[in-house]
Every structure is written in structure tokens, then in C-alpha cells.
Amino acid sequence: MSHSFDEISAQLKRRHRKSARLKWMSMASLGIALLFLVVFFADMLNKGLPAFQQAYVQVEVDYNEDAETMGRAALDPEIASLVSRSFERLIPGMIRDDADLLGTTETRWVLTNSQVDQYLKGHRNELSDDEKAAIDERVEDGQVDMKFNTTFFSQGDSKMAERAGIMAAAVGTIMTMLVTLAVSFPIGVMTAIYLEEFAPDNRFTQAIEININNLAAIPSILFGLLGLAVFINFFGVPRSSPLVGGLTLALMTLPVIIISTRAALRSVPDSIRQGAFAVGCSRWQVVRDHVLPLALPGIMTGSIIGLAQAMGETAPLIIVGMVAFIPDVSASFTEAATVLPAQVFTWAGEPERAFVEKTAGGILVLLAVLIFMNATAVMLRKKFERRW
Amino acid sequence: MQTNQIFLLFCGILLLLGLVAFFLGRAKAARVRGAGISMYAQPDQYAWFTVLSTAGPALMVGAIGAFVMLLLGAEIPTFYLLSGSLVVAAVGLAVGVMQVRPEFHARQAIEHVIRLLLAGAALISIFTTFGILFSIIFEALRFFQKESLWEFITGTTWSPGASFLEAAGRAEEGSGGGQFGSIPLFAGTMMITLIAMLVAIPIGLMSSIYMSEFAPHRVRGIAKPMLEILAGIPTVVYGFFAAITVAPIIVDVAGFFGLDAAYNNAVAPGMVMGIMIIPFISSLSDDVINSVPDSLRQGALALGMTNSETIKHVVLPAALPGIISASLLAVSRALGETMIVVMAAGMRPNLTANPLEDMTTVTVSIVAALTGDQEFESSATLSAFALGLALFVVTLTLNIVSVVMIRRFREKYRINDL
Amino acid sequence: MNSQVAEREMTSMTSQRTGQPVTRNEQVGHDLSVRVRDLSLWYGEHQALHNVNIDIYQKNVTALIGPSGCGKSTFLRCLNRMNDLIRNVRIQGRVEMDGRDVNEPKMDEVALRRRVGMVFQKPNPFPKSIFENVAYAPRMHDLVSRKADQDELVERSLRDAGLWEEVKDKLHQPGTSLSGGQQQRLCIARAIAVQPDVILMDEPTSALDPISTATIEDLMDKLKKQFTIVTVTHNMQQAARVADYTAFFHLGEIIEYNDTKTMFSNPHTKKAEDYITGRFG
């Protein structure tokens, strides 16, 4: 009746082989997911890193009288077609501001146009063969060079790819996030404190709880519809402004903050509360002086994660009009602005090849900020993690 | 600018009154106490109470005034409103200071106000949900007053283009109004969601099986946060990736097999969306698989089952309800996803079963209807809200079903735990 | 011959440590089923078993008793290598079955568990039907090929587990729908359906009511005609009622191993006597 180990082992061979398949398949699945992550980051770095370099050309600028009205006249015609039009446009103003400049010449490094830049980076471009030859010659002489792209970090959007930067979007993001944080943090934390520490367990409380969980699962674009219908059409908040964007995102971030704050409050052991009640603290005093300080790291972690999520959000902002073309940095809550992901979206829609690089560059900056925020949250959690 | 200055002035005066209230209240309480009379609360608590009685009613009057102006359109000049509320603040200050008496429970009063404030904050989440619901329903109703609901549900042609000509009074230039049959949009949404699920569910589920059942502890510690990174990447970035990198690859691969694929085919956004959802599925399934009691695993292993047989025949069947509900949540995610499809899927409503063709989705149509300079009152614009309502209903239903399923699943194993 | 030497060694080693003579049953006619030599086990840094030596005889009930945390369950799980599932476990020494060390690298733990079945403290039927609970493992092990064989095996196993009469009309209801005692008997039926040599029982009645406990004790008495049973129990009366041999564990060591009658009437060690008379534990 009973079998020896060897008999059984022989029978088992086939089953073991079959079983190994599940292990390998599941391992391969994880491998595929992680491989995608690697491919994705490699692709973004490959596309985006060149955006941090921009081609400059050394030119002789001749501040003559013609240039006072038409900047192009100040440049050698052979090279004028390579220089960014944004520089040509600056020349008349420069002469007007500084009368001594008229009649002098100056050798300086200026931005090339994006076609030259793309040619030097080995991408598709619309340069003629003569122009390419001219560039090659100057590269040999060291008159055309790649330099760190300060424009990208200091300027707003532009229709000229070589002139387009993320500064306006970055400022817009900061303004929007300020509004989001100012609205969602206090309301979220207060809601969580109410539900966790004060609320009686009745239908009203349960309704709020169910509601918060549902809110967390509503597609983000519907928050955009809310922002449009309520904030813009009903309350008259200016369209495209950081105020309306921030408010819309705040409602989206609210459930994240509430849920994480509640988890943080719940992790504070009841013995602490009972101890404080025992020395005669009122409920609010217990929460303020004993529970909140202990829960604070958890609350911060959740809020940072919620904010990072809001920072990457685009869809509701498109609906409330935050995809505007914003060439100048503006630090107003009520004027039209754009945010980093919306800027990425706008650039992704530009047909010009040079904008692909800008888009990927903007994505790299966005990802860097988000990874930094999430890493901070993880560190906070690790540092203050406490086992009771 | 004028209003802004008045508003700043108002805030300044109110702040000043608050400070005065604080010090008056505390001084009075200290004096009473100094006279050797025992009080119910600390001087600071009396001070805070006077601050509350000063600022609270004043802010309330201001807020109510603002609401009346917005809701009823009544014109109350800002100056009068704000000065009115300042008067209320002054009265509140006086009443507050008078209340500083030994027998008054300042602490309880503060406690009461705080509790109300907190409950008020909690109400905001309800307001948000109802705000979404009502704003969408309200606008959707306006849409259905203009267009037929029946056509919306059953029509197979979506071409809102002509309707805004109509709204602009140039109806004769169009082909007699737009057509709003939403079936092609939902078909496109379903197609892309289906592709996403075909990618996300097998890979996500298998990854979670590997991580929870096979992986050495260290591998799990590294792989799990790395997968979470996938979930943290903004959708606009995925959209760019799908459009610029994945779509051309799909076209090339299809071309290799002699098939003709559009650059904005449904496969690219579907696949990328699937990848985005992998960590969502894997972390939920991980939870579910881990909550299958260990005693079941041990029971199977003790019968001489291999690891994989235990997983396939015991763990997974037990975890199935949880896995299904995770998948439902993932579907609801995919249905509402916007940026990937806006950037990588087509704009053309296209009722087809061929995923290599371009097709559009509900969310793309919402974005298309609301961007650009169209009259808000036009059917083309309002159609966004009708689509939004449909999306809201579908995703909410999916969420509720999956929450109920997962709760049943958890309860089942709690009871079986004896 | 070898085994006698080993037994002498064992006796002398144990007695050195405890300072007490260790008496064992010398009854003949009982064949060896599992022989354990110098078994030590560590959970990380903590040593849970210290040089355990024991011979377990075929077609007998061997009870492991001792205060909680003494290592008796840990020891039980060494016999079918269930400790493999826990991280950071290190095992030294030999657990021999058929002259093979179960911990040797070539040993397939799946094959081992096929021969050494186990019943757990809490009944853990699979979330399948009663029929499937019993039929699943034999089918996987290719013990039955035809449908009729399968039906017959399920009936026989359920009969042997004393559950057939109660469930024969509802074989296709979920196993979890049964009462706690029935579930435990279902788990026993499940274990005997694969026809193992040894059945390990880890406090099989501790989660059950007294009537179910009595049923399962009767069952153990019947099952020992076919199987070798090793059971861990908290309940000394139970050990006295069902066991042929009893081993007393304390702090990861076997203090005394004896036939049950001797153990409970005339224990050879002071500690065992103190425990049995209820002075500690």
C-alpha cells in the first residue's frame, strides 16, 4: 500500500516540471513589468537629456542703423539664417536702450535656431546642404558649440523651440500647489480628526466614510467638469488661473489626505488617549497636544504623496483651461497660468521635431520633482516609523 | 483693485479686533482669578473664547452676504457688507468679554465650536460629491433638452461638429445640426480598456503571485517599490510615451505582418494604459493573496502538493473574489483615464473591431468638447456633461460592486478563522 | 545492530544532560517508523530544539506533551519539513525514515509530505466541496484514475474518518459549511485519503468541543491500525487515553520518553512527574 520515497519521487518529476512553469511565468511577468520601467526611463532620458543642451553660435553683431529697425541687418547674411529669430528681435531694443552701441560691433555667443540645434544633435531638420556645410565649418573652428541650456530653465513658453522653457510652468505649478495645499490640507486633516476622534458611529458618519472612498475612485476628469461648472461658471473664478486649478486639484487630493491622516491617527495607540483623558484633558486637548504630534509624520507623508499625485495631474486642468500659452512668468493667483504637466501636454502637440525634445526634457524635470517628493515621503515614514 | 484694498483693510481690522479680544479676555479672566475667585477654565481659554465670539459671527455674516450676492444676484456693495460684519465683530467682542465670568464654561464652549468646525470640514467631502453629481446632472439635462436621449444611447454617429454652427446662427451651413450617438465612443473606450486589461491583469496578477509566493524576501523588498514607481508616473507622461515611442513600434510591427495600422491606433494607448495599471492590480492582488489564511496553504502542502499546485488549486480559487474586485476597480480606472487616450488615441469616432484602426473614447470627446472657443450653451459643449454623467454612473457602479465583493471576501475568511 | 548502538548512545547522552536515567519501552514487535537523532533547531539566534532523540514506532499513537513553548509542535513539524516554510530556520541532526534522512538535499519534501500527512490545530478545509476536499489530493497523486475508484476512495476515507454517515447526502456542499468537529474529521479524511505512513496531529482537538474531541480520540484509536500517529496535545488526559507512547518536552528537550502507562503512573524523571501532577506547565 505504501510507496517508497524513490517510487514517489519518480512520479513527482512530471508534477515538479509542470509546477516550475508557474514560477518561471510569474517571474517573467515581474521581469516584463520591471523591464518596461527600465525601457521607459531609458527612452525618456534618451529623448529628454539633449534638451538640457542647446546649440550656440559665435557671431559678429554689427549695430548699424538698419539694425535699429530690423535686427537681422546686424548679422552676416550667411549666418543670419542660423541664428534664433528671438535674438534678432532683441537687437533694435538693445540699440534703443543704449545709444552708444550704435556703430560698434561685438562678437558674442547667441542661440541658434532649433533647426541648427536639431542638426547638431543628429535629428531630422529642414536645413539646406549649404547651411549644413556652413555649420560644419563653424563647428571645426569652434564657432558653433553646445552649451548648457539656461533658457530652458529661465524662460516661459515660446513658439520658437530654442526659446521655450519651463519657468512659467514651474511657477504656475508652485502657485497651483499652494492653493491645493492651503485648501486640502486643513480640510483633509480636520475631516480625518473629526471622523477618527470625534464622530459618533452613526449613519451620518458612515455616509461620509463611504463618500470619501467613492470620491477617491472618481475619474479625475470629472473633477474638471466640477471645476468648470461650479468654480468657473457659478462662482466666477477666473478661467485658467492657478486659483481654479488649485481648487479643483484640492478636491481631488482631499480623499488621499483624509485616508492617510486617518491611518496615521489610528496608529496612535489608545493608551496615549486614555492617559491624557485621565489627567483631565478635554477631547480637543487630547487630540491637539498628544495625538496630533505623534501622528504628524504620517500626516505629512500622506500629504506629500497626495500633493505629488496632484502635481502630475493634467486632465482636470485641461478642462478648466490651464493649458494656456504662457510666455511670461507671472506670480498671480488669478491670471492665466499653466503647470508642468500641462506644458508637457502642449509641447507634445507641437508638430516641430525640436519640441519632442523639449517635451521629454520637461518630463524629466517633472519626474525628478515627483521622485524627490515621493522619496522624501518614504524617508519621513522610515525615520518616524514607530511600532507600538 | 478697489475691492482688494477694502478686503485687505477688512482682514486687518478683523485681525486687530481678534487680538484685542484675546488680550481683553485674558486680562479680565486674570483679574477675576487674581481676586481669588476660582473659575471653570484657564485665562487662555477665556481669551480664545472671546476671539471666537469676535471673529466667528463676523466671518459668518461676510460669508452669508457673499453667498446671497452669488445665489440671488442681490447687489450688496462690498463696502457695506464688510463694514457690517465688522460691526458684528465689535458686538461679538463686547459679548465675549462680558461672558468672561467664573461660572462660564469657556473650555466646553470652545470644544463645542471646534467640534462643529471639524464636522463642517467633513461635510465638504459630501458637498464635493454632490457638487460633481449635480453640476454634471444639471448640465447634462440641458443637453438632453436639446438632443434626444434615445439617440444618445442608441445612435452610432457622433459628429457634434455641425451643432456649434447652429448655435452660432449658421445652421444652414452645417448638415442640419450635430449627431450625438455615443455608441462609437463607448465602443472605443471598451476596446482600449480591453487591451489595457489584457496587459494589466495577467502581468499584474502573475507579478503579485511571484512576489507573494515565490520571491525571496530581498527581491520582494526591491521589486515592490519599483513597481510602485510605475503608478506614480503622471498620465501625461504615459500619453507622450504611447504616442511618440509605442505607436510607431506598433505600426512597424503591424507592417511586418503585412497589416495596416494607423499611428493613433488603439493598441498603443491600450498597452501603455495596461502598463500603468499593472502596479494597481499587483498591489491589490498582493493584499488579497496575503489575506488568504496560511492554514490553507499549509493544509495543501501537508498533503504533498507542490508550491505551484497549492497556489493554483487552493490559494487562487480562494482569492478569486478579491482578484475580480481588484480587476473591476482597474477597469473603472481605465474607463476614466484621459491623458493617455487624448494624446495617443484618435479623435475620430469609429465603430470598428480592429484595434489597429484609430478610434476615440468618451474622455477624449469630453476634452474635445470643452477645449477650443465654443459657445458654452451649444450642444457640442454640453455633450461633455452627458458623457461625464455616463462615465460617473459606470465608474461609481463598478466601484460599489467591487467594494461590496471585497468586503464579503474579507468577512468570509474572518468567520472561517474560527 | 546499528540501531541498538544508536539507542545506547541516545540513552547515555540524554541521561548525561538531565542527570536522570531515561527509560524506554523495550517491547518487541514494534517496528521503527521514524528515528530522530540529535535534532537541533534554531529560529534565527534562538535555539528551539536541543539534541532531540526519539524513536517512533509504526501503528502506534505517540503523544508529545509539555508546557507551551516547549518545542513539541516545532518538533512535529520537523517530521514533514513544514518548518521549511519559515524563514531563518536552521536544522541540525537526522530525522530518518526508511533509513533516509528527510533533511538530506536529495529528499523531495513533496514526496516526504505525501508519506507523512498532517492534521492541524484549527480545521482548515479547502474552500471546495466536501467531495473535492477528499478527492483532490489522491487525484493529484495519481492514486485514482477512474471516476468509480475516486468515488470509492472518497467514501472509504470519509468512513474511516467517521464522517460518511453525516455527509453522504451533501457531498457537494462546501467543506466550510460543516461544524468545527466535522471540519476536523474532514481534514483527517483528507489526510488518510492519500494513504500516508505517518499522520501528524498538531493539537487536533484544541479548537473543538468535548463531544467532537471524544469522537476524534476514538478515531485515533481506530486509525492506528493502519497508520502511525504522532500527536501533540496540551491535554494530559487525552495523552493518557489515546497514546501508546508519550514523550515529555521541556525547553526544547525531551526530558522523558516512555510508554504511556509508565509515564503517567510511574514517571522516571522528577520534571515529568511535576508536570503530570500539575505542579507546573
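Placed from the backbone N, Cα and C atoms, the Cβ positions cover glycine too.
What TrEMBL records for B:186-402 is domain 'ABC transmembrane type-1'. What TrEMBL records for B:6-25, B:46-72, B:78-100, B:112-138, B:183-205, B:226-250, B:262-281, B:314-335, B:384-406 is transmembrane segment.
Counting Cβ pairs under 8 Å that are 6 or more residues apart, the transmembrane segment (B:183-205) and the transmembrane segment (B:262-281) reach 3 or more and are in contact.
Tertiary neighbourhood of the transmembrane segment (B:262-281): same-chain residues 188, 191-201, 203-205, 207-208, 227-228, 230-231, 233, 235, 238-239, 241-243, 246-251, 254, 326-327, 329-330, 333-334, 337, 340-341, 343-347, 355-359, selected by CB-CB distance under 8 Å and a gap of 6+ residues from either end.
Ranked by the number of CB pairs under 8 Å to the transmembrane segment (B:384-406), the listed stretches B:112-138, B:226-250, B:314-335 are led by B:314-335. Within its own chain, the transmembrane segment (B:6-25) is flanked in space by residues 43, 46-51, 53-55, 58-59, 62, 78-79, 82, 85-86, 89-90, 93, 96-97, 100, which lie at least six positions past its ends and keep a Cβ under 8 Å from the stretch. Residues of the same chain lying 6 or more positions beyond the ends of the transmembrane segment (B:46-72) and with a Cβ under 8 Å from any Cβ of it are 10, 14, 17-18, 21-26, 28-29, 39, 81-82, 84-86, 88-93, 95-97, 99-100, 104, 106, 109-110, 113.
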